[in-house]
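The structure appears right after this line, and notes come after that.
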Amino acid sequence: MTLIYYFSHHTANACLFPVCALHHVAVTTVEGIGNTKSRLHPAQERIAKSHGSQCGFCTPGIVMSMYTLLRNKPEPKMEDIEDAFQGNLCRCTGYRPILEGYRTFAKAMMSSSLFNSSEFQPLDPTQEPIFPPELMTQSNKQQKQLCFRGERVMWIQPTTLKELVALKSQYPNAKLVVGNTEVGIEMRLKNMLYPVIIAPAWISEMNAVQHTETGITFGAACTLSSVEEVLRKVVAELPPYKAEVFQAVLEQLRWFAGPQIRNVAALGGNIMTASPISDLNPVLMASGIIHLPLISPCSTEGKRTITMDEKFFTGYRKTIVKPEEILLSVEIPYSKKGEYFSAFKQASRREDDIAIVTCGMRVLFQDGTNRVEEIKLSYGGMAPTTVLALKTCKELTGRDWNEKLLQDACRLLAGEMDLSPSAPGGMVDFRRTLTLSFFFKFYLTVLQKLSKNHNGTVSAAREDELSSLEDGEWRISWSCVLLQEVPRGQAVEDMVGRPLMHVSAAKQACGEAVYCDDIPHYENELYLTLVTSTKAHAKILSVDASEAQSVPGFVCFVSAKDVPGSNITGIANDETVFAEDVVTCVGHIIGAVLADTQEHSRRAAKVVKIKYEELKPIVTIQVRWLRSASASIKRINKGDVKKGFEESDHILEGEMYLGGQEHFYLETHCTLAVPKGEDGEMELFVSTQNLMKTQVLRVLLCRNCIVHFGLCLINVSFNRTGRPVRCMLDRDEDMLISGGRHPFLGRYKVGFMKNGKVKSLEVSYYGNGGNSVDLSYGVMDRALLHLDNSYNIPNVSSVGIVCKTNLPSNTAFRGFGGPQGMMIAECWMSDLARKCGLPPEEVRKLNLYHEGDLTHFNQKLEGFTLRRCWDECLSSSSYHARKKLIEEFNKQNRWKKRGMCIIPTKFGISFTVPFLNQAGALVHVYTDGSVLLTHGGTEMGQGLHTKMIQVASRSLGIPTSNIYISETSTNTVPNTSPTAASVSADINGMAIHNACQTILKRLEPIKQSNPKGSWEDWIKAAYENCVSLSATGIPDLGYDFEKNEGKPFCYFSYGVACSEVEIDCLTGDHKNIRTDIVMDVGTSLNPAIDIGQIEGAFVQGLGLFTMEELRYSPEGNLYTRGPGMYKIPAFGDIPTEFYVSLLRDCPNSKAVYSSKAVGEPPLFLSASVFYAIKDAIYSARKDSGLTEPFRLDSPATPERIRNACVDIFTKMCPSAEPGTFKPWSVRV
């Protein structure tokens, strides 16, 4: 007999899946499939060479998702690839290069000017690691029960149902865990402890799949992926009428988390978790009679079967299942003739997101009629449990399926699915409206099927309503990039202007790149965990760390009294290292625990007791508690505003709110302090963009790092213990204590002529600075300097006010206030175009600057290429032709609307603090001709090191293969400026260029004496003249706000984007159909890196303006502390068609090799998506008889989109009167 083994490969989240559950499982990590020393796997090679890795922190996960797909399906389709990445996130790349590189596996060959796919090594399945033979033999042996004991938790893995029952008898309160996708989060983030965990994943009865006469029975331990696989096969074979429920389950599973979760999460676990926003429970509850067999060691009968009906869920996260009972299986029934079923879900993000509202809807008609015999409407997200709309269903039973039933159903649902205006989760109006919108979609779906099945005797839905049912098509993304041409005659070894691969990409793709927390642990190393305030504003009465001392491994607790010098810190000396008497925000650091391990340190920190006397917190901009009467207010005035208004034909007033944004760098803040043994010397490894602020402590090394993190805490801890100290923040800690982008409120009054020409502007900006100054004044300065965006406004009166609140201090973020200033400009520009009844693109172009114009801060525009970008974007996007198609689409569709918008940007380049526009570089040339390069900029994924190598290569005239770069370190380049303001390539590149020129000048006599010699010959001859240099370059900058004179920016970067979207007026969902970008980057140093920065910035801006929403309680507590509630864009959120073009023939004389900054300027171009959404909403409102300008705040979330699309359903769910209730969350 020949045994044939079949293997399947599954991705899983390493942070959730327990090591204990991996017994008898073969685990492959990114390090196991290829490396830089021998051979990269094709999945690693293609992401690296297609420029799909920037910071690289997400790259191993993406590589393994692709690798898993290739092991299961060596020739995948493009939709397989896009589906495989549903659980992966990236903050840097904008996803396009990843998809483009991996598209080559799908044989969907596209020519790319950024890489040569013919150079990729082919995929050879025969070269993959073999499945361990010892595990093959295990499948034929009797498995043994396993038990793993930790300090506080015991993990038991039984192998038979009998063992499981016995264990449950012994430990009736034990938690049953298969995938650990819920319990893992509870234990890690919610401070819950389960002393005994039983894992039934290997019990055959609980993994069995049985086909019965009434349906399919799945063992409770069956993973969601296996359920999905079985149902897909069955649906393909069954007649459609019999598979209605299965289709609904598949639709929900398609958007259920990501494959990494579905591969391990169990069907039974999903039910027993009893989440009120479960994707599947409403479907199962509505599908008819779902029988759930239970087994109990305590019952005399042993087994009983319960029904998943309205009595199943007894309360929040509770069911009628007794603690000692075990769910064995779940039967999903076949549907019958005359029975129809639909399921719907609305979330903040389509992929890998929890539901806001979810539902299952089923109707059974009397044979051969359209009369309702039975109907079930089940909702999640509308109560503490999954609920059935029992009253509505009762009223609809026996009714004909027609317009009158629809009207009554919506009226009844609006009453039955009511929510308190203070309901947890907020979004009350939106959630109530969704219950009606979902039923309307269900009504139309059933109406169409009835009409088809009854041969037209039942009236079909109107043609203009049918598009609302189109929801499930695959979106295959396409992209194209247009580069600048390398000048003819440029030497092959001169890599400036060529798409050189990121120097760290291969290491990142193999998991070899070393980040701060990857540094091996030192002997006697301690781990630090912060103890933070749970109150936004309060006096500290006492801090008691006595209970923490009993935790194993505890070493000490440090607080303000342990600070050896001053406890005062911060840019404006208005912060403390540790809070002493008063806390001023939730997350304010009060102390820190040091212990021997991370786990012990966290446990000890959680039991530190703090008593408070609460004070009234102030969390919103509207309160406007100013930091001081004058220092927090900035103004820029130009012309005669009063006269401008008098000369205007129209005056428009309004306001707009922009929410903040979390950085959400994939690598959280990390610091490692290591004693060097002499004179108290300490070496610091830090995630920072600003080494200068840390060099006052000790010499600092910066490794593959992300963002600045204060080191005072580590320094205090180091002084207290004298041992190495490490601190790596969890995501929830990081989001809680670190500030993000400033929320802004803009109020404007704009005067303009009938043709749309702006005459006068009066604008006030209010920024929520948080509890300390930090960089808020600088952020407000840049917001005021960008209040014009790209428009020539002859008369301006502007004021910027920074508001002090009891939130963590907000800080620098990509764009540094510029996006907020420009966004409010586009708000009034959009509204005045509507007021004039003119096309917005014409009004925008009419007001654009021209070459030589003066800005509102009196800087002359030189090299103004924006109008070229504008015209090129209009042409390449086929704007006018597509606009006509959109108008026709909107006429033909009531509940789906499309919109399009073209937006310019003008972004000033330079630090507005002049002395920061300097940099340093150190260049060593060794006797073999190799070059070691160091500079003051931090590589955080943006490709700075790669560009600097290219600059040095051209400057010295040698190949890039001869040039090496070392980590940024204060012991080689001191007094570095922050890697910020988009100027790092400019200032560090010029410093490197100057250093190289000094070396070349020293080599001139040697070269003249041996003109035919090689680089190596000249270096060898110059050996006696040691060449090393630190050089700086400082542009001529400076601006005076009081006098409105000077030159705050060295130059400007320009760009234009045109975006088209489609919104679902019933749910608020939107799809990004297409974006065209034309960007002026001067003469690109590296087009692959520049395009990566453009796309990455655009997608980050997409999150800012359409998705990412920070939500705070009225008491200042942040709800959105992790990826569960805070959503950044995923693979499926990028435009389906994404075209990026670099403007040609636009050299910039003010930066190294005629290049331009590119890090921040493109971010604002994603505002084109926001205003395309607003354009689509205008069309929806027009169908409801509303034509006046309306307010749409940012971000344009599904909630804001749906609520703005005023219609019969929104009117049935009126808002509660403000002030009559306490809201769950407030706008800060």
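Each position is counted from 1, following the chain as shown.
The backbone N, Cα and C atoms fix where each Cβ goes, and this holds for glycine too.
Automatic, uncurated: that is what TrEMBL annotation is.
As written in TrEMBL, here are the features:
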BINDING   Cys15  [2Fe-2S] cluster 1 binding site
BINDING   Cys55, Cys58, Cys90, Cys92  [2Fe-2S] cluster 2 binding site
DOMAIN    148-337  domain 'FAD-binding PCMH-type'
BINDING   Leu176, Val177, Val178, Gly179, Asn180, Thr181, Glu182, Val183, Phe256, Asp279, Leu327, Lys345  FAD binding site
BINDING   Gln689, Phe709, Arg814, Ala981  Mo-molybdopterin binding site
BINDING   Arg782, Phe816, Thr912  substrate binding site
ACT_SITE  Glu1160  active site, proton acceptor
Next item on the list: Going by Cα-Cα distance, pick out whichever of the recorded positions Leu176, Leu327, Glu1160 is nearest to Cys90 ([2Fe-2S] cluster 2 binding site).
Entry: Glu1160
Checklist line | Neighbours of Thr912 (substrate binding site) among the binding-site residues Cys55, Cys58, Leu176, Phe256, Gln689, Ala981 (Cα to Cα, within 10 Å) | finding: Ala981
Note to self: Are there any residues at least 6 positions away along the chain from Arg782 (substrate binding site) with a Cβ closer than 8 Å to its Cβ? List them or say none.
What the structure shows: Phe816, Gly817, Gly818, Gly821, Gly908, Thr912
Next item on the list: Run through the Cβ atoms and count how many others sit within 10 Å of the one on Asn180 (FAD binding site).
Entry: 25
Note to self: Using other CB atoms within 10 angstroms as the count, which residue among the binding-site residues Cys58, Cys90 scores least?
What the structure shows: Cys58
Margin query: Can you name every residue in this chain, apart from Arg782, Phe816, Thr912, with its Cβ inside 8 Å of the center of the Cβ atoms of the recorded substrate site?
Written below: Gly778, Val779, Asp781, Ala783, Leu785, Gly817, Gly818, Gly908, Phe911, Ala981
Margin query: Fewest other C-beta atoms within 10 angstroms of its own C-beta: which of the binding-site residues Cys55, Val178 fits that?
Written below: Val178
Check: Given the recorded positions Glu182, Glu1160, which one is most crowded in terms of C-beta atoms within 10 angstroms?
Finding: Glu1160
Checklist line | Minimum Cα separation from Val178 (FAD binding site), reported as the residue among recorded positions Cys58, Cys92, Gln689, Arg814, Glu1160 that achieves it | finding: Cys58
Next item on the list: Quick one: of Gln689, Thr912, which of the binding-site residues has the smallest count of other CB atoms within 10 A?
Entry: Thr912
Check: Does anything in the same chain, at least 6 positions from Arg814 (Mo-molybdopterin binding site), have a Cβ under 8 Å from its Cβ, and if so what?
Finding: Ala1097, Gln1100, Gly1159, Glu1160, Leu1163
Note to self: On a simple 10 Å Cβ count over all chains shown, which one of the binding-site residues Cys15, Leu176, Ala981 is most densely packed?
What the structure shows: Ala981
Note to self: Name them in sequence order: residues not among Cys55, Cys58, Cys90, Cys92 whose Cβ is within 8 Å of the mean position of the Cβ atoms defining the [2Fe-2S] cluster 2 site.
What the structure shows: Ser53, Gln54, Gly56, Phe57, Thr59, Arg91, Thr93, Leu666, Gly941
Note to self: I need the nearest neighbour of Ala981 (Mo-molybdopterin binding site) among the binding-site residues Cys15, Cys92, Leu176, Phe256, Leu327, using C-alpha distances.
What the structure shows: Cys92
Notebook entry, point to check: About how far apart, in whole Å, are the alpha carbons (Cα) of Gln689 (Mo-molybdopterin binding site) and Asn180 (FAD binding site)?
Noted result: 36
Next item on the list: Identify, in sequence order, the residues in the chain of Cys92 ([2Fe-2S] cluster 2 binding site) that are 6 or more apart from it along the sequence and have a CB within less than 8 Å of its CB; answer 'none' if there are none.
Entry: Gln54, Cys55, Cys58, Gly941, Gln942, Gly1092, Gly1096
Notebook entry, point to check: Widest Cα span across the substrate binders Arg782, Phe816, Thr912, in Å?
Noted result: 11
